[in-house]
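So Swiss-Prot says this about it:
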- 64-74: compositional bias 'Pro residues' (COMPBIAS)
- 412-425: compositional bias 'Basic residues' (COMPBIAS)
- 650-662: compositional bias 'Polar residues' (COMPBIAS)
- 1-29: region 'Disordered' (REGION)
- 61-84: region 'Disordered' (REGION)
- 239-247: region 'Interaction with KCNE3' (REGION)
- 371-383: region 'Interaction with CALM' (REGION)
- 406-461: region 'Disordered' (REGION)
- 516-530: region 'Interaction with CALM' (REGION)
- 536-573: region 'Interaction with KCNE1 C-terminus' (REGION)
- 589-617: region 'Interaction with AKAP9' (REGION)
- 590-621: region 'C-terminal assembly domain (tetramerization)' (REGION)
- 621-671: region 'Disordered' (REGION)
- 1-121: topological domain 'Cytoplasmic' (TOPO_DOM)
- 178-193: topological domain 'Cytoplasmic' (TOPO_DOM)
- 244-261: topological domain 'Cytoplasmic' (TOPO_DOM)
- 350-671: topological domain 'Cytoplasmic' (TOPO_DOM)
- 122-143: transmembrane segment (TRANSMEM)
- 155-177: transmembrane segment (TRANSMEM)
- 194-219: transmembrane segment (TRANSMEM)
- 228-243: transmembrane segment (TRANSMEM)
- 262-284: transmembrane segment (TRANSMEM)
- 324-349: transmembrane segment (TRANSMEM)
Amino acid sequence: MAAASSPPRTERKRGGWGRLLGSRRGSASLAKKCPFSLELAEGGPAGGTLYAPVAPPGALSPGSPAPPASPAAPPAGLELGPRPPVSLDPRVSIYSARRPLLARTHIQGRVYNFLERPTGWKCFVYHFAVFLIVLACLIFSVLSTIEQYAALATGTLFWMEIVLVVFFGTEYVVRLWSAGCRSKYVGIWGRLRFARKPISIIDLIVVVASMVVLCVGSKGQVFATSAIRGIRFLQILRMLHVDRQGGTWRLLGSVVFIHRQELITTLYIGFLGLIFSSYFVYLAEKDAVNESGRVEFGSYADALWWGVVTVTTIGYGDKVPQTWVGKTIASCFSVFAISFFALPAGILGSGFALKVQQKQRQKHFNRQIPAAASLIQTAWRCYAAENPDSSTWKIYVRKPARSHTLLSPSPKPKKSAMVRKKKFKPDKDNGVSPGEKMLTVPHITCDPPEERRPDHFSVDGYDSSVRKSPTLLEVSPTHFMRTNSFAEDLDLEGETLLTPITHVSQLREHHRATIKVIRRMQYFVAKKKFQQARKPYDVRDVIEQYSQGHLNLMVRIKELQRRLDQSIGKPSLFIPISEKSKDRGSNTIGARLNRVEDKVTQLDQRLVVITDMLHQLLSLHQGGPHSGGGPQMVQPCSEDGSIHPELFLPSNSLPTYEQLTVPQRGPDEAS
């Protein structure tokens, strides 16, 4: 079957090649410049088989050659072999401007999101209407217990139950079918996994039980008495259908789990107060008789009932202590136990308030995520603008429109008006996801080459083949009207129509410079939006930021202290005990740095003295030894002539390095 259908497809594409080559004469030359298959697949000039020409086939210049009659001889450099059909889903490509196909999985996903993940006003209207219907059915069930409205409510309830059973049964089947869009619910076992969810089990029980009650418990159009009781219970279960996501129970469970320690403590102490107060009241009142001659606290169970009614502040008044001892015990334990039994309500209330505030803060934080993503994207685009890679500039190149005339041998002019009406629709997205709509990507246009510029302008051809959306870098031509006026023809000849750039190789330096400027502007705008989104939510956030900053500062100070200890040593290493006892304030960092500077200054002075001494020894060695005996003293002098009398070198001291290394002179040499 595939082999039989391939020849017509090849002939159709070859016919399209012939019309394409007749309208664009520069395709072969551009194809030689872009021989790579990747560039041809990206929508280059050589890969324009699936796109419409800029001018229609009929609008050719007088000097241009006529299209070839037979498409069997393609130009050199272009291989026209049979090409397999492209089976890619356009929803997968980010550069696709077509709307997603209504496939089976796509419909399943939309239905699943509508029923299981309601968002938007349509979902709200649907689920709120279901809630009102279930509530109305419950109201009629209540009215059926009143004798005045029993006849009317029972008949109406019968038909409402039939409608609800059919509706909920159909909805259950649709939910089961739409769950196949998720990977974990695919197939029979996946559907069973979906049916094992608690809310799905409740829906199935309600539907099946309602069908059984309608089939067995009805007599004509009226329910039996036993069936009415079953219907009431099922209507109560239907109220669980309203909250299918279980958000209420999850919220309650999270609050209880967070404050579980406080709740357990208060309930434990309150329970201890309850049993102790009930026991002591029972001991005091077990023999007391009331006015009617009856013992009210005849058992410990009666005392426990009185304790529960008292500590929960209900106070039925059916059992009252009679003796003063019992009243005193009851009053003391009531004040103590009631305070603990009232604490869980306050704990849960504060927990719900904190949970709501946490959700609001999370929403405020979630607003920063798109702003941060936009800032990162624009910063990366500014960095990538210096890269000559073709993928950097691909988003600014317009993909030519798919030609409708290439797919059929005989074009139908009736559809051109429909294409002209719908041409603005796909360009709204421009192949960019909805999250990137904040960053507008302009398309670039350029002047047409001289060899491809026709003598007579065909405005309709441009209008039908090129989709125009005015952007920052594009000048959209105004709508021209052909008339018989010679002056208007002269005005029309002076106009220049801009053709969209369809390949990266057509970009010039001024295009790239303009793109860099636009990207830099988008970066500054995204930075400003991110700074606005980073504003604190309330005063607590400001205090938290300050405390976090203070904590970071203290950590850095401790790290600096540790490095100073490693560099200049700890105070206990070079400070004597006497100084520690005199002044403990000298252990500060400033005092330690001053001591280090003093030590460095002393070392510098000693090095100067040693240097002067070496110079003196060198001069003595070159000038000869001193005459006379006695102790030999070396007085190293500085540049200003100051003598350091603290350094003496007696003759009977140990020999120096110079004395050991320099050879001694003989007596004849000395004379």
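The count begins at 1 with the first shown residue.
Note that Cβ sites are derived from N, Cα and C of the backbone, with glycine treated the same way.
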Report, as numbers and ranges, which residues of the same chain sit near the transmembrane segment (194-219): CB under 8 Å and 6 or more residues beyond its ends.
158, 161-162, 164-165, 168-169, 172, 175-176, 179, 185, 226-227, 230-231, 234, 237-238, 240-241, 244, 246
For the region 'Interaction with CALM' (516-530), what is the mean per-residue pLDDT, to the nearest integer?
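Mean per-residue confidence for the region 'Interaction with CALM' (516-530): 92 out of 100.
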So what's near the topological domain 'Cytoplasmic' (178-193) in sequence-distant terms, Cβ-Cβ under 8 Å and 6+ beyond its ends?
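For the topological domain 'Cytoplasmic' (178-193), the far contacts come to 105, 108-109, 111-112, 115-116.
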